[in-house]
Every structure is written in C-alpha cells, then in structure tokens.
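Okay, so here's the structure we're looking at.
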Amino acid sequence: MTATIDVDNLMSRLLNVGMSGGRLTTSVNEQELQTCCAVAKSVFASQASLLEVEPPIIVCGDIHGQYSDLLRIFDKNGFPPDINFLFLGDYVDRGRQNIETICLMFCFKIKYPENFFMLRGNHECPAINRVYGFYEECNRRYKSTRLWSIFQDTFNWMPLCGLIGSRILCMHGGLSPHLQTLDQLRQLPRPQDPPNPSIGIDLLWADPDQWVKGWQANTRGVSYVFGQDVVADVCSRLDIDLVARAHQVVQDGYEFFASKKMVTIFSAPHYCGQFDNSAATMKVDENMVCTFVMYKPTPKSLRKG
C-alpha cells in the first residue's frame, strides 16, 4: 500500500514547534516521520538523477540542522510554490534541530515537487550522520534507531546533481576526474550509498583548491581537490557557464573560484555556534543573472546557549 500523508497538517505542526524544538516529540510522532520519509522517497524516486530545472530559482547551500536559519531563508525570499528553491545538501548533523529541518524540507518536496528541489550532501550518508549528530538526535528525541535507518533509505534516493537552465551545474561537493559528459550524471544509479571511488563520491566530497593544478588527494581522506584549470576545462567540455557547490564554510556565505566559473554557497550563518560567518543564497533570475543575498550571523546578545 502506498503511504499517504496530510502534509499541510504536518507542516503546520513543524512550523509551530519553534526554535527550542522542545515540542517536537509531543506534536509529531515517530510513525508520522517514517511516513514522511516514505512519501518523500517516492517523490525522489520519480525524478531524475540529474535534476534539470529552469530559472528563476534560489540556490541554497549547507543548512546543518539550523532550523531557525532555514526559516530565515524562507522569510526573506518567500515560500514555495511562489518561489522555486534548489538546496545543495547537508541538511542534518551539527545543528540542534536536524529532525525539524529535514522533515519540513521533505514536506515541501512532497507538496511542491516541481518547485522545491533537494540534492544530497555528504552528511546525507550513513557513515557520516551516524557520527556527527543526526543518529544521536533520532535516538535521544525519539528513542529510535529505526527512525534513523528509515531516513537513510530516503537519502539513498536523493539526486546528486542539478542543472539550471542548461548552464549552471550544481552539486554538494565538487567535480570528478571521471566526469566527461552530462549523460553520466543522468545515468547515476539510485538508490545507492555512493561507493568510494566513484563519480558519486566526488560529487559529494571534492573541493576546489587555489594552490593546486589538476587533481590531488583530498585531505578529508576521501575524493580529490582540484584546480582552477579543472573548472575551466569542465565548463568548456560540458558547455556550461558556472558550477555551484556548497560543502565548505566561507566567511561571506559565498565565494567565487576559477574566474567566477565556480561558486561556493554556504547557508548556515554562525556555523556550529563557533564561526562568525555570514550565510548566503544565490538567486538565478529568468535571464540567468545570478545575485546573492547575505544573512548576517545573529548578534551574540540574541543567541541562545
């Protein structure tokens, strides 16, 4: 039997939980979260491995369970379906409200599948979110490791890359030395926890490095770092203008690389409570012109904890 969900009702309760998160477990039960995962999984499975979308659209980077900052993004830009969104992954781990964050986003995906797009980040992989907070949160708040496992089943169906207006290639991490054509991205297998090595693992993990030419091993211990020459070569070969990725904290929320052929977007201000970085989102208008909105970290006097 296909799972069904009253998505409006669930969204309303998630939006009313507030920033403390204290009311989540009393207002949303585990079975509802499992159903939300199941329905979201079917939506991801119905769409392509390379999401080919048209502007206008807002592109957002890492969120990392910073629920109040996710809501700031919607408050500033508008809510779907009036505004289209593409998120570049890393919804969970490190922040304090991972479950609210990922479930609200799944609700938007279910309700507005053609207006709200979510790529997978490296933190939507079990080896990572088992360690960096999401597993612990599922266990602490719902006393359930099964809930955590069901989230992994949904994450395994999430797409790894997107293409805006045929000109802006999007992924969480970076490029791959094995990437030669867009058709390779269209044919990426799902469901899958991408193996190492693979194009998939590079899309999740790779980083640009201004001191490197070509490809070198990544100090993260997985995938590669790549130079400006690689970005120029890939843009030429794939006939694209820009690569948009996330995966790294940048002080102003966005940072260009390779003569503006690549941009890093990071959308979690005051990341981990340890950095004083701003966040940013990138708006791509109907004419493929990109502009950035910055979100300053909340003043220290207003922060909790």
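Including glycine, each Cβ sits where the backbone N, Cα and C put it.
The Mn(2+) 1 binding site annotation in Swiss-Prot covers D62, H64, D90. When other Cβ atoms within 10 Å of the Cβ of H64 (Mn(2+) 1 binding site) are tallied across all protein chains shown, the result is 27.
Other Cβ atoms within 10 Å of the Cβ of N122 (Mn(2+) 2 binding site), summed over all protein chains shown, number 23. Marked as Mn(2+) 2 binding site by Swiss-Prot: D90, N122, H172, H247.
The active site, proton donor annotation in Swiss-Prot covers H123, and the record cites similarity to another entry as its basis. Within its own chain, H123 (active site, proton donor) has H64, G89, D90, Y91, V92, D93, N129, Y132, F134 as residues 6 or more apart in sequence whose C-beta sits under 8 angstroms from its own.
The CA atom of N122 (Mn(2+) 2 binding site) is located 10 Å away from the CA atom of D62 (Mn(2+) 1 binding site). The two recorded residues, H172 (Mn(2+) 2 binding site) and D62 (Mn(2+) 1 binding site), have Cα atoms 8 Å apart. In the three-state DSSP scheme, D62 (Mn(2+) 1 binding site) falls into the strand class.
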